[in-house]
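K.L.:
Feature annotation from TrEMBL assigns domain 'SecD export protein N-terminal TM' to B:2-103. The domain 'Protein translocase subunit SecDF P1' annotation in TrEMBL covers B:227-285. What TrEMBL lists as domain 'SecDF P1 head subdomain' is B:303-431. Annotation source TrEMBL lists domain 'Protein export membrane protein SecD/SecF C-terminal' at B:433-594. Positions annotated as transmembrane segment by TrEMBL: B:456-474, B:481-500, B:506-525, B:546-571, B:577-601.
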């Protein structure tokens, strides 16, 4: 048997929980401060406006593009390269006297007539301000709905201390992921929001596996303090935690490296979220349950229920 | 103990995977360059058209890969993109303006597969290139028009009843009637009460005032009508653009989605979608000679227009009324069972019509239809050239003074009446539309996204397969087999669901699924290792490993499924695409990772006595 982790004896995870609390505490506070002070760099989907991506057949001269746009009355345009040197992304605010719907086409025309090189339109996105607000509202609603749905399921499935631990870990992961986007100033658009929701799914997935095991261990071992038993459960699931995070991280790295610019924000959020999620389900979720005083009596099945009653037969 | 699956279970697993593989198969065949011929409203595609197409091809000397005639469309498949352009141009010339000839990519699914209903996945605009518009219909305007019409009706009817009012106005969403005296108020109240369907009468005796307010039902009806009418117009116009497989759909209460795959020139598309085809009512010039006019001597103050019978009609230059005053048009029959079209005009339109027809009873009046039509030609910038297209669609003699409601008779058939009603309705947008969201993607970027997504899936897959093989050895390979089956299942299911569209985030969802799908097997294999460490026999280890991991796997996957379903319900566009693949991936991965791997493990190791397991 090849093992990443060989543990004959339970590893004392909970002994280090104070370190985890300190580290996570600092990170959460930093994230919240950044979210409060700096906020998120909202993408076009939420703010409304126009984004144009054009492709040049040679390396594009950003400063001359800026100049061209300024000269033609499109001052205030944000011009940056996108992925490669040939690709240029231009972000425009609504302009007076120009119908917003036509802004993109006009800019393209200006660039095409100004450049000696071939300018190819790769992408235009225009989102009306009203639509942006709606998308933001829908996004917020989605996060709330997802959280509520999961809370209900977890509350039904587990004892409240374990549930609260899982939810605490979940909140921790979401705050840190949002914090990362805020601190680094990465653009937060609809796909990133989808990634944050996927992080919620992954994080809860991890916590559920561990909570399941904690419950099982409490029922199986009749001796030992709650701390020892949680350590035992964490040790026996550690191999799974590490392997699953590894495979997920591997595919996400493939996605980050090969998936292209449009999907990079998505991959970044998930990559970070999965790492943080694995850490938090081990150190934060279970130690939270411990702090809340989880004990054997709470997790013992009612008298009538047999051991393993909730395990359904295998297909 | 031994681990064995009954035969039916093994057969079921094989059948499920085989069916999915069959339906996933068309995705491997790629696409043919194709030209799609469909009819505009004046003609239909039939065998004659098909002959014409075939003849054009043989004249060109192009050997088509196939010509099919289905759903009122002719699809010509050719071998290269150069041939595609050549054939399109030739067909445009041969068929003329009445047909829409569009470039398309058609799935190169073999006939036997297509006969089973197997089709490749539909690709979203972010993978295909094209334009997505979200348009908002101005609902206030739609309601305003209807209320103005109501105001005029009330005004006319009260006058007829000799009930004296001091003013009848539209105030916000109400029609407000102020009466002169208490007697008038009582009379009006009695008259108006329950007279109009969809309206509620609110009285205010102290001020001798009555208010007619639209009921919620009527308001909704009005708005629904405005939307569906605009959808019809947009669909007509999109057809004129010559786009293959366009989507024009209502979204929510007041929006319309228009998706034009392959269209690059958004400025042009917007121009056409926003343009108004319109109608004009004019008097026929009966004093001058039509023949002289046809010879080129058009009298001053008149204009010559083609009519539907292939001839010409001479009309006065002055326009009695334009089509934007038309609020509704419906086809029906008159008292002699002859087809007719009933037209409702808005207030100002009714007044104009009334004034113009008062002194012209007995004169013929013509209906002139004007729209911007594609000529099929392209200018220097490869843009379709559009021209103003005018046609006299109907001439009728004025029988009496007309108001806001009148009818056009003298129509040949019920079919024609319906077409005319549609044209009249389609002629003028009932409410203005505005583009509130646009997403355009070049075709090269679309193809690039497909390549990037495929590469990410492939490499993600390779990395996971390598890791699993290294870490769990033979059991790892079983998991890898399940992972492969899972990919086939996802693609098969995506191809089978008619509404499912693959987007770039959808591909990201598949990548994520590849990474997370092995989790179930990791859980199971770790349990099996534990059981072995606990000195169980290999067969017991397999049995208890699967058993004890099951509820954990269920719990873990259900939570992720909840997230995916919520994303699907709330998300739009790309996010929905992610949710679809994620949800499908979770369900299929549970099947392959739990049932699929168990079948393989049972088949290989389960039926015999073994000393150790390769896990």
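Heads up, the Cβ atoms here are built off N, Cα and C, so glycines get one too.
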K.L.:
Among B:456-474, B:481-500, B:506-525, B:577-601, which stretch has the highest count of C-beta pairs below 8 Å with the transmembrane segment (B:546-571)?
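P.N.:
Stretch with the highest Cβ contact count: B:577-601.
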K.L.:
Checking distant contacts: for the transmembrane segment (B:506-525), what same-chain residues at least six beyond its ends satisfy Cβ-Cβ under 8 A?
P.N.:
124, 127, 453-454, 456-457, 460-461, 464, 468, 472, 475-476, 478-479, 482-483, 486-487, 490, 545-546, 549, 552-553, 556-557, 560, 574, 577-582, 585-586, 589-590, 592-594, 597, 615
K.L.:
What same-chain residues lie close to the transmembrane segment (B:481-500): Cβ under 8 Å, and 6 or more beyond its ends?
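P.N.:
Cβ under 8 Å, 6 or more out: 16-17, 19-24, 26-27, 118-122, 457, 461, 464-465, 468, 510, 513-514, 517-518, 521, 580-581, 584-585, 588-589, 591-593, 596-597, 600.
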K.L.:
When the domain 'SecD export protein N-terminal TM' (B:2-103) is classified with DSSP, how many of its residues are helical, how many are strand and how many are coil?
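P.N.:
Per-class counts: 51 helix, 25 strand, 26 coil.
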K.L.:
Looking only at the domain 'SecD export protein N-terminal TM' (B:2-103), what is the mean pLDDT?
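P.N.:
Here the mean pLDDT over the domain 'SecD export protein N-terminal TM' (B:2-103) amounts to 84.
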